[in-house]
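Feature list (source: TrEMBL):
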- 131-167: domain 'EGF-like' (DOMAIN)
- Cys157-Cys166: disulfide bond (DISULFID)
- 172-347: domain 'Laminin G' (DOMAIN)
Amino acid sequence: MSSQKNRYEVYHDAGVPCHVKLALGIKNWNFELLCKLQNNLSWLHFVTKSCGSTKIPNMKFWHDGLFSRITFREPVFIGGRGNTSGLAERFPTDRGFVGCVRLLQANDHRYDFGETPAGDTVKSQEVEECSTDKCTRSPCQHGGKCVTTTNSSICLCPLGYTGDLCETILDLQVPSFNGSSYLRHPALGDSALSWLDLDIVFKTQSIDGLILYEGYQKYGSADFICVYMIDGHVEFTFDLGTGTASLRSPWTVSLGEWHRLWISRTGKLAVMRVDNQPEVQVLSPEAFTQLSLPLSMYIGGVPDFDTVPAQIKVRTSFKGCIQKVTINEKPLQIVRGALSGANVANCPH
Ligand SMILES: [Ca+2]
């Protein structure tokens, strides 16, 4: 296989050359090629993959040579010709492939691009990890989820593990959140219909970040609650189904120190106090008075901010520690009570 600009040519030679030329997209994962020999017929079969924008019809292709078998004695080369200078005049290009190959399967053998003995690669030269897909080899341990960023990849570690590759086992006491962390808890359900008291002790390292959130169904009830840091202030925004109401701490809170936050909401009225700052209060607009929260509650962040209503201006997860959350006078088991979570570590003393 060779490439020149956006043209790929695929050669299958069992005595008589036969060529197929296809124009394919650059910078997309392209297609899967199946090449089979059957009796004295050989055919090539192209299947487009959904991730490429180019559509190639399935094709069958027969060569009219005499030979019916093909025997390979040389190693398989991927991406470049290697030491096959004897075949130079039969190859129309002397350039190697520039791009990524993520799967190669011949008959039933799926090649492992790793080095021998674990993988199939006997020798390689100037091959590196595909920069557009750093997660192909999924380096994360203990079930961590690999997520690509612009230049690299990060591991989202499951609850109880930490480290760049989720390699460290944790006994979590007071959880620390790093800006990509969250803990998912059971829904509050109807336990907050008429009243909701929150008592939270936290220490933030950033002026912005989501501390607690539960909502909100795109196609159903619009009820939600959200506690978060924004511009150094603590805010509480809630919606009983007829529009949002917000409370903001009058003053900013210091970074790196413990703070205590009380929120008490009864029907449409919500009252908030942070440390010894003045109390603030607000009434929810319009008619609805009940808060029903059927979805999971999140502490320290959410896996996907698309699920958080646009009225919440903060779009980053919390950076810091959360020592205590009490809901309606019941202490929440912040870590042990969580259904799942990611990237939660121990709060440094
Ligand atoms: Ca409601």
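Heads up, residue numbers simply count up from 1 along the chain you see.
Glycine residues also receive a Cβ, built from the backbone N, Cα and C atoms like all the rest.
Cβ neighbour count within 10 Å across all protein chains ranks Cys157 highest among the disulfide-bonded residues Cys157, Cys166.
In the three-state DSSP reading, Cys157 (disulfide bond) counts as coil.
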